[in-house]
Amino acid sequence: MVKETTYYDVLGVKPNATQEELKKAYRKLALKYHPDKNPNEGEKFKQISQAYEVLADSKKRELYDKGGEQAIKEGGAGGGFGSPMDIFDMFFGGGGRMQRERRGKNVVHQLSVTLEDLYNGATRKLALQKNVICDKCEGRGGKKGAVECCPNCRGTGMQIRIHQIGPGMVQQIQSVCMECQGHGERISPKDRCKSCNGRKIVREKKILEVHIDKGMKDGQKITFHGEGDQEPGLEPGDIIIVLDQKDHAVFTRRGEDLFMCMDIQLVEALCGFQKPISTLDNRTIVITSHPGQIVKHGDIKCVLNEGMPIYRRPYEKGRLIIEFKVNFPENGFLSPDKLSLLEKLLPERKEVEETDEMDQVELVDFDPNQERRRHYNGEAYEDDEHHPRGGVQCQTS
């Protein structure tokens, strides 16, 4: 039992979520609310990052489950939170803040794919927007010699203010220079490049051809090195494509295996059957249960080499795992005469010798809501005992 569920609610998962479920939830939400895509959702992005940072760490998660957010803030497991952008970059392969300072930003894009795409392989063309160095000014932002050191911050890009917080006590506050927006240099408006307006970069449309190999998995990353955002003086970042698999109507993927449920009738469970299955590469395979091979409700069987292709070994495949659900006939489907005949064909049932000490009882259908109603009525009854309702008072003379 967890103390609170706030972090789980932020990620939209249950408290018993697996690490894979946490990763999938974070991936979708982080891409949706990233500041580059949603500039007004900075606080939401921060909450998502904090929730994932705690729940992805087994020690922090255990501490949170026992003591809630307060236990994390008190530092019982290395308290405090990392930068949301660092968490994002580490998750998507960006390398963290130090590497980000030497390179342009990575562009991360989620690509929706089907299970058929991952089974057969596919090629998709994807149009993206990215920053490129302005070719008109060659990334200077203006005319040659027009760029000058910002006199306000002396080229550091940062301002330092001293704030007195008490007698003999001062606080040093560092913030981005408003004059140069943190660049450490400025360009006179008349000398700015007309193409990029002094920003040194422009937005450009990029068409990528994304090759999805057989056996790739949900959440797998395809990286286009050096194709990300460009910035003057920095190496270009990467474009990272993250595969997001849609749910399939029939099959569920479990590693290299495919899992499915199959309904069969009672006669098929007892007497055998043949069932066709349409595969993800548009073949039809037929599974056979021979007469005399009893298939019980909940039995699990498999077909070898009919699962997912193994990544980079596409001629090898996992298993197709099938769980059988036996559908029983409705009450009264046989007349008494035929029922008697069926009984003679089936294995003999064990008769119970009744004694006088035994009580005869009757089976009825179970109603799961009945207990809830009884529980509710019981609470209401107890409440009446503790807080009697006021009735009409008899007048006494």
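Every residue gets a Cβ built from N, Cα and C, even glycine.
Residue annotated by Swiss-Prot as phosphoserine (from the set Ser83, Ser188): Ser83. If you measure from the Cα atom of Cys177 (Zn(2+) 2 binding site) to that of Lys66 (N6-acetyllysine), you get 44 Å. Across the fold, the C-alpha of Cys150 (Zn(2+) 2 binding site) and the C-alpha of Ser335 (phosphoserine) stand 97 Å from each other. Here the candidates are the modified residues Lys66, Ser83, Ser335, and by Cα distance the one nearest Cys153 (Zn(2+) 2 binding site) turns out to be Ser83. Here the Cβ of Cys180 (Zn(2+) 2 binding site) has 21 other Cβ atoms within 10 Å, regardless of which shown protein chain they belong to.
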